[in-house]
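What follows is a set of notes on a single structure, which appears directly below.
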């Protein structure tokens, strides 16, 4: 009886463990793999400008909350529908900074807290 309890416990532990994505490094990933890493509602983009400064708030200069956040600008969408690009390496198609951006615009105005963070660095998702 104890054997079955141990086997059931180990099976439950393995099933509840985090899912590990088997993506290669950012230098070896294809555009299709990058598109899969971005998921549904996001698209692979190539951004020319990245700002790595923390955003300020009422508690000091960011208080360490957003220190690892990068803001992307001057981004252009990579077309994944073209077969030649989908099979090519991402670093050949995007010489700048690859990011996953939301399909909606990154505009946030007129609210109490105006935050528009539509892009996430691809390297943080793989």
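A Cβ is built for glycine as well, from the same backbone N, Cα and C atoms used for every other residue.
What Swiss-Prot says about this one:
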SIGNAL    1-16  signal peptide
DISULFID  38-100  disulfide bond
DISULFID  46-94  disulfide bond
DISULFID  47-75  disulfide bond
DISULFID  101-119  disulfide bond
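The disulfide-bonded residues recorded for this entry are 75, 100, 119, and the Cα of 75 lies nearest to that of residue 46 (disulfide bond). The C-beta environment of residue 75 (disulfide bond), restricted to residues of the same chain at least 6 apart in sequence and closer than 8 Å, consists of 45, 46, 47, 48, 99, 101, 119.
DSSP assigns residue 94 (disulfide bond) to coil, not to a helix or a strand. For residue 38 (disulfide bond), the same-chain residues that are 6 or more apart in sequence and have a Cβ closer than 8 Å to its Cβ are 44, 100, 122, 125. Residue density at residue 94 (disulfide bond): 19 other Cβ atoms are found within 10 A of its Cβ, drawing on all protein chains shown. Most Cβ neighbours within 10 Å, among the disulfide-bonded residues 46, 101: 101 holds that distinction in the structure as shown.
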